[in-house]
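Participant: Here it is: the structure, laid out below.
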């Protein structure tokens, strides 16, 4: 069968026997299945027939979706060639090579992933390339769907007319950490002037003309929370899963455009489900009905017919020490079977051809000249005959044929201890003067048929053999032996251990009696004695004990505790070092989902099952790659992080109501611990609603629910504790009352408060004419004020006799005390306010020397000083208001001679 015929057969097997789900279309969420074809490895070798070369490429890649290997497009120098058969190729597992191609435009519209499992290396460069284009005259290489090159560099070397490849942002495509783009143009002719990208292309990045050739992005415009991975939007919660390759349409493993590692029924996974799983009840490995084989980057239930199953993977050939058996690679029992063709005469040149042979088809003739440049040959059988004429003295005791089934020899000993049966033919051992042991062998035990003769003549004398101690071992039976060692007996007199005869089964030597006069070694995990076969009959374990069995190490789901395998917590993944349900020392190595500490982001508080929801107050996200740290093992896994303290539940760390369920109140689009001053709580809906515009603080929505007013209060005529807030006073209450003695809001009144006295408001007042006598008396009053020395009194410094009499006091940095109290009412506690009132009481009531001396008020002030509680004036209480003076009283007051003599107990700097 020619090489081309073999390739055609393989291609037919792949074409008609392989339909593997290795990718998916995300527009409709359904798996897109495709045909796998085998790539090539011809590099840049020149084909002998260009037409046949093109035809082979077209036959190989027509309707091909996944190239298992390398995509090599070389020596296509006819500009009119049709390369549309490449349109379905979606993924290449090896490299893409384009060399000596003169077709004007190469279009691979579906190629999305180049895995780079095999790379191309030029002799003159150290870099290894996953995509390399060289020595081509094409004008455009259009790969509009290319999203990811997982491994390897990109190179463009000496292409005459190639455009736009330098317009590509290769950092978006290259995923290997050291990967980069190499561009070389060494021709003297200037490069072709390329047309611009379409105006719709972001950043001017494109593969060619037209909007369909704009480069697609899924990595460079991602949020930092995506950990330099890929995304489907710029927001923190729009990151692709770490198992995605080339981008995604959502955050889940099932939303990937392609898979970084393995694709399994619509989901990207780090590895395929194992074929065997540990059963903690039986302490053994059971078949996993959900197990799958890894074929390329795809998980399949069974391998294609042309491949073999080996350790959960589909392979073309079995590894060393394994053989193919019913489509599966199984361990060989001893040397792996190997058939070799016999030769007429074995010599030092062709003897190497028999290395590793277990069955020789044909005959062998071994002469003395065979052993010039001797090498050992091991074989299990010869289908033919063996003729031996050997007189080589120096190698007489060497084990030339330790495993030949049909042999005639002339040595000192035959050493055919592996010979089990001679299927056909007679035995003739003649004229071997140095050959011992042959006469002791019961040949009829070896021969399949007794119809054939055994001819033994003129071999070594028995006495000479005994003198040389070339006799059977004492533990050999009367059936004879092949040599003097206890492992060369045809059968044993007492017990057999492996191929060696012994007198008894000595348990102290780590062996046991298996019956039928056979001793066997204890299991390799037994330390010392055992009572039977297997790891479950050991008296003591060499390493650790898992239930009743001795094992080299605990299974992944258990940890070693003082030589015994103890179960990990059920939430652990990848093993554990202790029983705790966290990640770290004495806990899990990793877990599918973890609750990360709210106080230390490098500490796992608890592991969860993969399908277990995050607890209340935590949100779910995928954990990005970590170069180091305690949580490196959680890369690609799910973690639960603590929500903001204002959230009861959330989907991200924020207090915005779109992602946060408020623990207390929502105010607008944010969560709050308490409502702000200009809002009031709606307890039923746990919302903060805005107060009325006239309120400064409120407990309801209307102007009647204010705690303070921005402008004026209107008191309820029936209940003076109730008020509304208003911007202007209504006609029925036109008077604006400003109470400087308190911090209350000004209010609207139906009474006109004409003036303000020092410590009160006057509703009836009169104004004296400005005379010299009055000025002198006011000056004397100022003199008295200046002479007062009291801790609560602001000192009077000067009197300005201007058109308006002015009293000058010391500088007060904070200004008027009453204004200060009014402006800072929310910041001043009760103690400073009480001290202020106390100063008034001290100045006016308690200190007799500082009271006013007006004749008409002396009696009233004396009463108030004796019993101030009795004379407390409550605003609005008509029963307690002091009597107003009539006009007649005012006239009498003017006539009093001492009306202007008085002293002031304090001044508040207003």
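Every residue, even glycine, has its Cβ placed from backbone N, Cα and C.
Per TrEMBL, signal peptide is recorded for 1-22. Residues or ranges marked as domain 'Receptor L-domain' by TrEMBL: 63-173, 401-445. What TrEMBL records for 192-341 is domain 'Furin-like cysteine-rich'. Annotation comment: TrEMBL describes 471-583 as domain 'Growth factor receptor'. As annotated by TrEMBL, domain 'Serine-threonine/tyrosine-protein kinase catalytic' applies to 769-843.
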Participant: Which residue counts does DSSP yield for the domain 'Receptor L-domain' (63-173) in the helix, strand and coil classes, in that order?
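Facilitator: Tallied per class, the domain 'Receptor L-domain' (63-173) gives 9 helix, 45 strand, 57 coil.
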Participant: By DSSP assignment, list the helix, strand and coil residue numbers for the domain 'Furin-like cysteine-rich' (192-341), in that order.
Facilitator: 12 helix, 50 strand, 88 coil
Participant: To what whole number does the mean pLDDT across the domain 'Furin-like cysteine-rich' (192-341) round?
Facilitator: 89
Participant: May I have the DSSP-based helix, strand and coil counts for the residues of the domain 'Growth factor receptor' (471-583)?
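Facilitator: Per-class counts: 6 helix, 44 strand, 63 coil.
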